[in-house]
Structure formats: C-alpha cells, structure tokens
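Note sheet for the following structure.
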Amino acid sequence: MLGQMMYQPLLISSLIDHAARYHGEAQIWSVSTEGGVEETNWAGIADNARRLGSVLTDAGLAPQSRVATLAWNNRRHLEIYYGVSGAGFVLHTINPRLFPEQLVYILNHAEDRILFFDATFLPLVEGIRPHLTTVERLVLMGPRDEAAAARIEGLEFYDEFVATGDAGFDWPDLDERTASSLCYTSGTTGNPKGVLYSHRSTVLHSFGSNTRDCIGFSARDVVMPVVPMFHVNAWGTPYACAMSGSCMVLPGPDLHGEALVGLIDRYRVTIALGVPTIWQGLLATARAKGSTLESLTRTVIGGAACPPSMIAEFRDRYGVDTVHAWGMSEMSPLGTTNQPLAKHGALPIEAQHKLRENQGRPPYGVELKIVDDDGNTLPNDGQTQGDLMVRGHWVLDSYFQLQDQPILSDGWFATGDVATLDRDGYMTIRDRSKDIIKSGGEWISSVELENIAVAHPKLATAAVIGVPHPKWDERPLLVAVKAEGETPDEAELLAFFDGKIAKWQVPDRVVFVEALPLNATGKVLKRTLREQFRDVLTG
C-alpha cells in the first residue's frame, strides 16, 4: 500500500519559481565584468531564466544537450543556471583558470552545443574556437559589442539572445532524476572527470544546506558566494538561496580583499562563502582599512583545511562565526559542516573553540565511514585514522561517460582522504592519502603542520610536503611564502613548532618561495612541489 500524498518531482525549475513567487523582491546585487553594480531581484532572474529557456527550446536543442559557461559570479550567470537546467538541458560550468588544452578537452568531451562566456574570456574563446568539435553557437554575456563581433564570426550577444524569449514560457515536466548540471573535477593528474548532477540530487542538496545545523540560509540573510559559480555550482549556493529567499551579492571577477570588504560593508552581507586563500586577503584588508565587518555573522570556509588562526581572528576580532565545511565535486559538494551539539555548551571555552577546528558532521543525506587498507570498517574513536568513504543522496555513482568504469566499493565512494571520526560523527581530515608523510613507519599530517605554520605572523602562506630521506623514507619540508615586508629565517620558523607537536614531526627544513603553485581551483599543487624539492634532503 502506498501513502496517499501528492507527488511532485524535485526540479530546479521549482526552486526559481518558489523564489519568484514568495521572495520576488529579494534583492540581488551583481558586479559586472566592467566593475559596475547591477541591481535585480529573484523575480527578474526568473523572468530572464524563462526567456532563456524558451530561446534554447525554440533553437531545437535536443533534451539533455550540454550548454557551457565560462563566466564569473554575476546575474547573467545566475539566469543561465536556471534557464538551462529548468528547460531540460544540462548546465556545464567550466573553470576558466584551466589551461587552454584542458578547456578544449572538457568542451569536446562534454559535447557542448552552446558556449556562453563573459567578456573577460573573449581572447581565450577566440584562441580555442578552432579546436572545438561540437560547439555551434558562441554567446558573449552582455550587450552587443561591435568590436567583439568583428573578432569572432557569428558571435551572438546574451542581452539580444534573451530579449527574444518568452517570460511566460512553461517549464517542461521532467523526471527528477534527469541530469541538470555537469562539473569537471580539477584533478592534479590526468584529464579532468565529469560529475553529472541530477535535479533530484540538487534539490536535496539544497534542503541539506538549508538545515539549521548545516549552513542554514534564511530570507533575512544577504549571502555572498565568493566560491566561483564555475566550481561545483558555487557549493550549491545559488540553489539554496532561491529555496530560502535570501538576498545575494555576486562579486564578479575581482576577488581581492579590498573589493570584498567593500561589498560586505556596502550591502550588509551576513554570510560569505569561500576558500581560505580568499579570506587571508580579506582579513588583511579589513585590518588595514579598519573595517569591523559589522554586518557579517558567518563565514563558511571549505576547499582546504581552515587554519585555526583564521577561525580565531574572525571570532575574536570581528565576532564572526566560522563554519568549517568539507566536501568535493563528487558530493555536490556538501559532505560535512562544523556546528556544535547542545552538550558542547558545558565544555570550557577553549575546548569549544578547539572543537570548531575540525570539519564537522554530515547532514542528513550523507554517510561517512573510515576503513583500513583491506576495506575493514575502523572505529569512530577520534584517534584511529583510515581512508574516508562516503555515500548519500547527492554523491555520484560513476563519472560522466565513464559508466563502464566502476568506482564504488560495496556502494561507497573512496574520497582519497585520510580522516578520523569521533563517536558523535565529527570528522577531522588528516590529509589527502597522497599527501600524508610516511616517516619511519609513522604518519605525519601535512595539514596539521600547515595549520601551525600559517599562524606565524611573518608568513603569508605555506605548504608542507614529504620529501625523500635516506634513513626515514620521507621527512616533512616546509615550503613558505613570506608576508609582505617580513624576513623570517629557518630557525625562527622551526622554533615556532616547539610545544605544538611532537619533536619528530617538526619539519627538517624550510625553503622560501615567492608563491605556491596552485591548480585551477586554488589548491596547492603539492606534486609540483615534491618534484621541485625532491633532492633537498638527499642532494
């Protein structure tokens, strides 16, 4: 016997319809490529999304055709998010920071039919166009630009493209399991792999994000996603904010500290989301300009382990609560967020602060476990380290166009992380499996060493890698970037570890570099560092 309740499919079109119907006047401020600020609202986004959906449908695109973007966080990109998926096509957001060869591979592998792009990327698109085998239409995201039209034959313009559409377009009825968006993993080796999300997984992910003990956006929030919309759907923020009716600030291409502080103060941002490297610049600017970040109540930090010193500065200097989060492209990306339990209020304040440093617990919809090398489940005791496995409603089961290559083990996905879990489900990422340092049979967490190093006031940032050692197999090496105007030496930095970790875990050496090599999503390329410094202890 089935329950006697209505069935309505979980579709992305229902999110934008809800936002327009019940939160239509909620404002959205969008920084343009040129630097000006446009103001719209959810009703305006919904109208243009429908217009776009109607134009794409009338163009004769086959259902599930891929439509790509090379774009920053702005209102046109937000309209494309809903117009493409809502009309039954697949939104393919592409990271413009990839090498041109990777962009060509991704566009061709995805078999994209249309490419929307911001004016910033006109030279890039001009260069790769001859190598694109499936793209039929190129659309610059803006008004007509005759100079741009002269550079690319047949170039179309978004504002004209959408103006011909129908704001009364009816969204198609779709199976909720229909593919909605596509994102390729950044990967530090080999070609990127595609992760294909569904309408169902996206809406469920939004429900998960909006639970109070997760991120919990509300109609009273002004949300600024600094995480790019070309990276894992901006952590699902554009969808979750439509569900909650939050106002949004879309920061455009300039993510430097001065620009972000200005947006927070001007538009009274309450929640901002991004990776640690972004917040380093923002905090430095706030200190220099004397901004109190008065409106900001929460930062959500993921993409890499958040240094405890950063959490402390947000908390103690600005009264901002930091929600430490973890996830990955294969998880849409939400895996865990760190929110305290009721019992933690009885802990000493320092113990409460310490608890907030780990990656937190999964929301409903995600399950975690750790296993040993033989696949045996390990205890949740907060001490035992193992390979982290996940499963859930918004976790992939195969990569795009690689369905014949199984990646699950008994229904679980191996994340490639080494972690611990405690009895309450709080997770601490100890390292990536490939980055953990194996020294004399013991494991040393590079993340733990990095968190200590970046707390030193004379360092801008740092990475720790394992390098070959004639006796211990591997030993940790600290690769450091000096803060502007500072001149720390090796002895000073190594002494900073005293009393914070066991002596045998302290890095053997320090090398200084001008900048750390980063991949397209801002993560440190430790493989590059290992190759560069592999002989530093043996040469």
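Residue positions begin at 1 at the first shown residue.
Even glycines carry a Cβ here, placed using N, Cα and C.
Together with HIS231, GLY303, HIS324, ALA325, SER329, GLN359, ARG432, LYS523, Swiss-Prot lists one candidate of ASP213, ASP374, ASP417 for binding ATP, that being ASP417. Ranking the binding-site residues HIS231, HIS324, LYS523 by how many other Cβ atoms lie within 10 angstroms of each Cβ puts LYS523 at the bottom. Each residue contributes its Cα atom, and for HIS231 (ATP binding site) and THR185 (Mg(2+) binding site) these two points are 9 Å apart. The record assigns HIS231, GLY303, HIS324, ALA325, SER329, GLN359, ASP417, ARG432, LYS523 to the ATP site; their largest pairwise CA distance measures 20 Å. If you count neighbouring Cβ atoms within 10 Å for each of the binding-site residues THR185, SER329, the highest count belongs to SER329.
Taking Cβ-Cβ distances under 8 Å and a sequence separation of 6 or more, the neighbours of ASP417 (ATP binding site) in its chain are ASP387, LEU388, ILE429, ARG430, ASP431, ARG432, SER433.
Neighbour list (GLU330 (Mg(2+) binding site), Cβ cut-off 8 Å, at least 6 residues apart, same chain): THR185, VAL195, VAL395, LEU396, PHE413, THR415.
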